[in-house]
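A quick write-up on the structure given underneath.
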């Protein structure tokens, strides 16, 4: 009987150890069991996560500067559909990447490279959603913007459908933009500040050329555009609309307040940007961000705050998500 008892004790002990190891593994793959993202989330589990991501982003931005606005735009597109869960990174015939607004996204290879390096340094630890969030911050800093601390601890989503993509549009009214941002728990200050991110990057000529040649079927440019700005845009946009135009003409690779200043003089290419100067509330915010109205606001500081708010939209934690092995496919 003593021998049988000993065997039973050994078996029970073994099963308890297996359960403990399994639970520990699940905690690692589920990024904290439901805790909200916070600064320093990975701690000693992946101490170099930020430096690894920054190194990869820096290399790609130096070789192709357009990767900086590309990554920033990708992060925005990710957060506005199912929250900041890396769903825009998933490949597939009907994934978010195939939706019309996402077909011109760039920088996927940057995120995949950062993920591969992190998998070697800290296997099954850092989510693709967190990598994209860090990369967006680094893209801003590398183009001259102000740094901010990034809360980490998001999980990767498992759902990505092109039919779910419903992003703010380039011709939206101020009221529509306010409505869309409010639906994502972002206020009007966040709206104006994040639109200020158009200080870097480009837009497809096909999206904007109509405003400069046939606004609302009139056969004339939008009368609210500075007339001297029209020939500059048409020179960049051929009739077939097959190229891209700078969102912040003459300062496309520098993150600063130049774009917001151009909004005040009606020298911006997107109608959704131009109308922000016509609405009293958004106009007042622009003036404060430019130091033209008191109390003034620091654009760099406010941009970081709004990016953090956006990065916490509908984050996945606990059993709601996973940590992908590669960013383009669920496990």
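The backbone N, Cα and C atoms fix where each Cβ goes, glycine too.
In the record from Swiss-Prot, residues 248, 251, 256 bind Ca(2+) 2; the candidate from 188, 193, 199, 202 listed for the same site is 199. Of the listed binding-site residues, namely 248, 256, the sparsest CB environment within 10 A is found at 256. Following the DSSP three-state reduction, the secondary structure of residue 251 (Ca(2+) 2 binding site) is coil. DSSP assigns residue 256 (Ca(2+) 2 binding site) to coil, not to a helix or a strand. Other residues of the chain with a Cβ within 8 Å of the Cβ centroid of 199, 248, 251, 256, the Ca(2+) 2 site, are 200, 252, 254, 255, 257, 258, 259. For the pair residue 199 (Ca(2+) 2 binding site) and residue 77 (active site, proton acceptor), the C-alpha distance works out to 17 angstrom.
Its Cβ taken as reference, residue 251 (Ca(2+) 2 binding site) is surrounded by 18 other Cβ atoms within 10 Å in the chains shown. Residue 77 (active site, proton acceptor) carries a helical DSSP state (H, G or I).
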